[in-house]
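Quick look at what TrEMBL lists:
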- 1-52: region 'Disordered' (REGION)
- 105-124: transmembrane segment (TRANSMEM)
- 105-693: domain 'Major facilitator superfamily (MFS) profile' (DOMAIN)
- 144-165: transmembrane segment (TRANSMEM)
- 172-192: transmembrane segment (TRANSMEM)
- 228-252: transmembrane segment (TRANSMEM)
- 264-290: transmembrane segment (TRANSMEM)
- 310-331: transmembrane segment (TRANSMEM)
- 385-405: transmembrane segment (TRANSMEM)
- 425-445: transmembrane segment (TRANSMEM)
- 498-555: domain 'Kazal-like' (DOMAIN)
- 579-601: transmembrane segment (TRANSMEM)
- 613-638: transmembrane segment (TRANSMEM)
- 666-689: transmembrane segment (TRANSMEM)
- 703-722: region 'Disordered' (REGION)
Amino acid sequence: MPLHQLGDKPLTFPSPNSAMENGLDHTPPSRRASPGTPLSPGSLRSAAHSPLDTSKQPLCQLWAEKRGARGTHEVRYVSAGQSVACGWWAFAPPCLQVLNTPKGILFFLCAAAFLQGMTVNGFINTVITSLERRYDLHSYQSGLIASSYDIAACLCLTFVSYFGGSGHKPRWLGWGVLLMGTGSLVFALPHFTAGRYEVELDAGVRTCPANPSAACADSTSGLSRYQLVFMLGQFLHGVGATPLYTLGVTYLDENVKSSCSPVYIAVFYTAAILGPAAGYLIGGALLNIYTEMGRRTELTTESPLWVGAWWVGFLGSGAAAFFTAVPILGYPRQLPGSQRYAVMRAAEMHQLKDSSHGEASNPDFGKTIRDLPLSIWLLLKNPTFILLCLAGATEATLITGMSTFSPKFLESQFSLSASEAATLFGYLVVPAGGGGTFLGGFFVNKLRLRGSAVIKFCLFCTVVSLLGILVFSLHCPSVPMAGVTASYGGSLLPEGHLNLTAPCNAACSCQPEHYSPVCGSDGLMYFSLCHAGCPAATETNVDGQKVYRDCSCVPQNLSSGFGHATAGKCTSTCQRKPLLLVFIFVVIFFTFLSSIPALTATLRCVRDPQRSFALGIQWIVVRILGGIPGPIAFGWVIDKACLLWQDQCGQQGSCLVYQNSAMSRYILIMGLLYKVLGVLFFAIACFLYKPLSESSDGLETCLPSQSSAPDSATDSQLQSSV
């Protein structure tokens, strides 16, 4: 509840009820006294033996008298006069009240976060390549589709966090989830309006001799206009998800004990991280199904023309979002029994040097647009908050940049296929990211970290991940590729001297537009079958791979008597693979280990009425300075390591071959830069953090809580203190 100034009146709280269990008040309304009436110490003692007498009592009068000599700010609960029943308007059956608990709302918020992560960070990243093939999109167009989510979030964060923070949070959350579901349905719409997907096969393009007539076909299908539909779907995703990570977090924090809040938030964010893992697994399985279900095709999943059933996942997530939104809309503005936790949060709040926060303590603060400038000014004057925002931006830059390009790094370093690299990275992210997120909240609760101790924990995690980043000083040697890193005879080529044409394939009329690598029996990798001089005749080996015999560019092998090539890249023999994977796991784990403690520190360094707005401002800073430029910055430096670019009928496409040593070096530089900045921001935030002069223990002993933990006192202790 909001905190406000009441002059010299005593500090009052609701009395402990034996009928209050798990945060749910089962006392009949007819037996509840009107709030706001302070009792004498004698009446308090009788109330301890008569829990049904539920008028408010001055449990912290001694603490208030101590403070009265110095300051004037008191804390008092304000009755909202609103129902705390779970239901929709007048329909609130008793059977639903069993869900009207912090664990109940946590379950539905986790479901919403899981769906958001699965759709936006899972399905979208999985189907981008399929969308480019199906709708004739360029890479920059698909990149704009992905960025539409962050653009929408940045545009809406200020409005949603400011007005939603003082409004009915569950309703904002529920309507947001409905918008997410609508966005998923809109994203799948082009499949039903663009007509059937039909392709023509030409097997002679990639073998020697090639069919030059099929090299560059003028595509005038007009399907690229569906880019706008995909952007609209992503925009709705961004708008709908905005309340989830601002209002959802503060709603959880408001309705649980201060010491339990990190665990609840950690569970919430763990669900959000497990969502992308499910998106990759489900989306990858759906891509093995042909997009035109029920129709037969000669294409195989290995064909560059194959398009899987990318749209099915969005229909499923859209329907699931609608079912998840309905129960969230039924939750009350505040859960029963949540008011007693406000003073515990107030004790950990960062103390400003002046008294300008007095107006912000008013319960009506933040409900009108006139309070917006003051809200922003109070946050700008809070150095701890600003530094935590900057630290979050540096971490977000690394998370978004490395999550986007780590599969590409693994693919290049270990000579893997794109699907193998994505699967391997998924195996790293799920235990490291999910485990780190959950354990971060668990450690804050288990170690009872408060105030600056939470920031010190973040600092420790950042230092460890900084040391782990040093593993990128190692790299695997690049697999030699004929005409790129090695000559067709096998000798090394100077950097920048590319020549895919040689006397052995000069008569093949090979086209540079068709990249389909093969591994020669001489250990060299070739650009395509045509560049290896392989005819169309094939056979299948025991592993199910296609083998091409009599390849003119592959030197004869004494054991077989002729040169041959196998479809696919050559296998990497790098001995540093286990070491690289272990340290990448460490970097991911400790990066996510600090995420929940950093969020907890943010919630504790601002006042109650400003917490939703503060999270909104933090998300804007994190996205503008980290989330949006992160992939761009990492993509730019990784492009510097490119050796061979794709030729799309005279236009430069994506990078086909990278120099492993240069890629590792550039990632190392970027990682060290942002991790060092993160260490500095956390260290300065820890130094400048100044909590209120009264300890939280002094306040928590005055709280009417049923828990036996040190956060609260027993009834006898309350009587003796009064």
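Glycine is treated like the rest: Cβ placed from N, Cα and C.
TrEMBL annotations: computationally assigned, not manually curated.
Just so it is clear, the model here is predicted, and its values are computed rather than measured.
A Cβ distance under 8 Å defines the sequence-distant neighbours of the transmembrane segment (172-192), meaning residues of its chain 6+ beyond its ends; these are 109, 112, 115-116, 119, 135, 160, 164, 226, 229-230, 232-237, 239-244, 247-248, 251, 291, 310-311, 314-315, 317-322, 324-326, 328-329. Between the transmembrane segment (579-601) and the transmembrane segment (425-445) there are 3 or more Cβ pairs closer than 8 Å, counting only residues 6 or more apart in sequence, so the two stretches are in contact. Mean pLDDT of the predicted structure over the domain 'Kazal-like' (498-555): 78. With a cut-off of 8 Å between Cβ atoms, the residues of this chain six or more beyond the transmembrane segment (613-638) that come close are 147, 150-151, 153-154, 157-158, 160-162, 165, 242, 245-246, 249-250, 366, 375-376, 379, 385, 388-390, 392-402, 404-405, 408-409, 602-603, 606, 655, 658, 663, 666-667, 669-670. Here the listed stretches are 105-124, 228-252, 425-445, and the one with the most C-beta pairs under 8 angstroms to the transmembrane segment (310-331) is 105-124. The helix, strand and coil residue counts that DSSP assigns across the domain 'Kazal-like' (498-555) are 3 helix, 12 strand, 43 coil. Proximity of distant same-chain residues to the transmembrane segment (385-405), defined by a Cβ-Cβ separation under 8 Å and at least 6 residues beyond the stretch ends, is recorded for 350, 379, 429, 455, 458, 462, 591, 594-595, 598, 601-602, 605-606, 614, 617-618, 621-627, 629-631, 633-635, 638, 667, 670-671, 674-675, 677-678, 681-682, 684-685, 688. Same-chain residues lying 6 or more positions outside the transmembrane segment (666-689) and placing a CB less than 8 Å from one of its CB atoms are 350, 383-384, 387-388, 390-391, 394-395, 397-398, 401-402, 409, 451-452, 455-456, 458-459, 462-463, 465-466, 469-470, 472-473, 587, 601, 605, 633-634, 637-638, 640-641.
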